[in-house]
Amino acid sequence: MSEIAAERPKSPAFRFRFDRWAPALLLLAAVGIYLAACIVTGQTQYLNWDNLLAVLGRSIALGVTAIGQTFVILVASIDLSVASLISATTVLASVIMNGDPAMILPAIAASLALGAFVGAINGLIITRLDVNPLIATLGVSLVIQGCLSAFVSNFAGAVPVEFQFFAYGNVAGIPFAILFFFGLAMVASVVLRLTRFGSNVYAVGGNADAARFAGIPTGRIVVIAHIICSLCATVAGLYLASRLRSGAPWIGANGVYDLESIAVVVIGGTILAGGRGGIWGTVVGVMIFSLIDSIFNVLGVDAFVKQVLRGIIIVAAVAFYAVRSKRIVA
Amino acid sequence: MTDHVLSAAKPEKARGLPQINPVYFLLAALIVAIILNNPAFVEPTGYMNFLKRAAPLAILAAGQVYVIVSGGFDLSVGSLITLVVVGSSMLSNNDPNATGWVIAAMLGIGLAVGVVNGLVVCFLKVPSLIATLGMMITLNGFAFMWSGGAPRGYLPDSFRYFGRFNIMDIPVIRMLPVAVIVMAVLGFALYWLMHRTNLGRMIHAIGDNPRAAQLAGVPVNRVRITAFVVSSLSAVVAGILLGGFAGVSTDVGTGYELQAITAAVLGGAQLLGGRGSVPATIAGALTLTAIFTLLNFLGLPQPVRQVVQGLILIAAVALAMYRRKRTGQ
């Protein structure tokens with residue numbers, strides 16, 4: 001009898017939920033290593049507010065993309081088309097603007113329309129044609145990149161000074177882009193946690209069949225998640241256009257935004273199988289990524305060694321959660 | 001009466017011809033289209049050069065399909081190809097006598113990469129997409145580190161023999177590239193291993209339902225690691241062939257992982273496991289190469305190739321899913 005009582009799980013309020021706290025633990029470790037690296041190498045000049053903002057500001061584009069990617073991964077899908085969509089957006093937006101401040105709004109509208117269209121195509125191919133999301137979005141990505149490089153092969157268009165506020169502007173001493181990123185994360189997390197759509201996302205990702213039997217329009221949820229993801233990618237593209245002051249057809253592929261955004265989401269504790277995770281995990285994942293870069297810079301790690309370590313760190317970070325799982329993974 | 005009932009219960013449709021994988025029709029159609037565009041293709045130099053160009057991808061895809069059937073992905077093969085090409089040129093140091101042990105060393109590296117991929121997936125429980133992505137980034141880094149960013153030197157002719165050399169003066173076909181022989185031998189070996197041995201059956205089983213396979217006594221981890229090793233070793237061979245005719249650079253392997261997955265998917269392999277065939281995958285690789293060849297003959301630029309590759313990829317999987325749904329499998 002007492003054995004049974006002992007085996008009963010403790011009340012949830014007091015149980016330490018490892019998977020909920022793991023991203024925070026990883027972030028803590030990264031911050032600790034960063035502090036230690038700065039102190040050991042005597043580069044304490046990096047330990048100030050401005051540098052903290054610089055560390056954060058370096059990964060806005062990745063962060064915005066990853067917020068969108070979180071939605072699709074939560075519905076057990078994946079989006080590999082974000083990188084080429086980012087490239088396409090920077091070119092489209094800066095070509096439409098072409099240095100003219102009056103064209104900023106039309107350019108933003110056209111970019112978002114492109115994003116919504118690509119997202120809808122992705123979602124419909126996956127839900128209607130039953131194509132594996134990896135293949136569907138990879139195919140769409142090839143199509144976008146092909147169309148793009150058929151027209152543009154160099155910097156295209158120009159971004160007016162007014163629009164550069166997005167990347168370079170400050171509000172109350174804090175870069176606008178960082179405020180925007182946290183605002184977007186806040187909105188996304190409210191949508192996921194407090195709306196019916198949000199709980200549908202978790203339901204569809206957890207068990208699509210059960211969700212369908214419960215009356216959730218699973219196909220529509222997947223399509224909407226893909227539209228959100230593509231819209232986030234276009235916003236990231238707009239940010240990069242504003243930062244580069246021009247459109248570059250290679251920027252998405254160069255930044256490896258497709259695979260890195262997936263890595264960030266997974267490091268943030270969202271599982272690839274869907275249904276578990278959240279926005280704040282992704283935000284933490286982005287911070288960990290930029291901290292790793294900063295640590296390498298402080299320690300003066302060789303660029304190639306940096307790449308080797310990055311690969312190992314991605315795997316190690318994911319293993320940090322996954323190793324406790326009892327399931328068979330493939 | 002009984003007979004009547006029984007016959008009525010039989011499926012209405014008579015069992016017709018055995019189902020042939022549509023990739024073979026697609027390949028045949030493409031080859032006809034190529035011949036119409038370029039009659040020289042029927043000459044041995046035409047089709048043998050085509051096969052020679054397709055050989056690395058075919059071998060790579062035949063290895064990749066092992067991992068796909070087991071339920072995973074191997075994204076690390078492209079950068080492994082790069083590492084093999086760069087590493088061989090660094091190790092052999094322009095010495096033609098080094099080829100033997102350099103190739104052995106490369107196969108050793110491939111073995112190690114495959115084992116690490118498999119161990120990470122099986123014991124650290126990292127999904128293969130992430131595990132091999134990490135491996136891809138790491139191996140690219142190693143390739144850069146090894147060559148200091150700019151690979152120098154070249155591969156000795158004895159190394160390039162496999163990718164480049166043609167055996168001439170053969171009756172009927174006149175020439176036979178060594179790469180094609182390698183493709184045929186390895187293709188057959190991989191076919192045999194996948195479709196005629198217990199290992200192949202176990203790979204299918206763990207891809208279809210790992211839990212059921214485990215309960216049935218399949219050593220899931222060992223089989224999965226073997227699948228990753230096969231994929232890595234085939235990437236090493238593909239790298240040796242590519243080094244033969246592409247030369248040394250740090251981006252020889254870029255994009256090959258996706259082409260290999262595309263080839264497997266064209267051949268009807270089911271992503272996330274349980275279904276796939278080595279011969280059909282090789283046909284898929286030939287199809288992909290044929291598409292690129294055809295687009296070249298038509299004078300279409302690289303961007304169009306990308307668009308076409310994307311559309312074909314989606315169409316192939318959509319068609320496969322449609323057929324599967326219709327036949328109720």
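Keep in mind that glycine also has a Cβ here, set from the backbone N, Cα and C atoms.
The annotation transmembrane segment is assigned in TrEMBL to B:23-42 (among others). Listed by sequence, the residues of this chain that lie at least six past the ends of the transmembrane segment (B:23-42) yet keep a Cβ under 8 A from its Cβ atoms are 50, 266-268, 280, 283-284, 286-287, 290-291, 293-294, 297-298.
TrEMBL lists B:54-86 (among others) with the feature transmembrane segment.
The transmembrane segment annotation in TrEMBL covers B:98-122 (among others).
Taken from TrEMBL, the feature transmembrane segment covers B:129-150 (among others). Here the transmembrane segment (B:129-150) has long-range neighbours at 72-76, 78-80, 82-83, 86-87, 89-90, 113, 116-117, 120-121, 250, 257, meaning same-chain residues at least 6 beyond its ends whose C-beta is under 8 angstroms from one of its own.
Positions annotated as transmembrane segment by TrEMBL: B:170-193 (among others). Sequence-remote contacts of a segment are chain residues at least 6 beyond its ends whose Cβ falls under 8 Å from one of its Cβ atoms, and for the transmembrane segment (B:170-193) they are 44-45, 48-49, 51-52, 54-56, 58-59, 62-63, 66, 161-164, 199-200, 230, 234, 237, 241, 244-245, 278-279, 282.
When Cβ-Cβ distances below 8 Å are used as the criterion, the transmembrane segment (B:225-248) is approached by residues 52-53, 55-57, 59-60, 62-64, 66-67, 69-70, 72, 74, 76-78, 80-86, 88-89, 103, 106-107, 109-111, 113-115, 117-119, 121-122, 128, 151, 153-155, 159-165, 179, 182, 186, 190, 193, 199, 203, 256 of the same chain, each at least six residues removed from its ends. The annotation transmembrane segment is assigned in TrEMBL to B:225-248 (among others).
Annotation source TrEMBL lists transmembrane segment at B:280-300 (among others). Residues of the same chain lying 6 or more positions beyond the ends of the transmembrane segment (B:280-300) and with a Cβ under 8 Å from any Cβ of it are 21, 23-24, 26-27, 30-31, 33-34, 37-38, 50-51, 53-54, 57-58, 60-62, 64-65, 183, 187, 259-260, 262-269, 308-309, 312.
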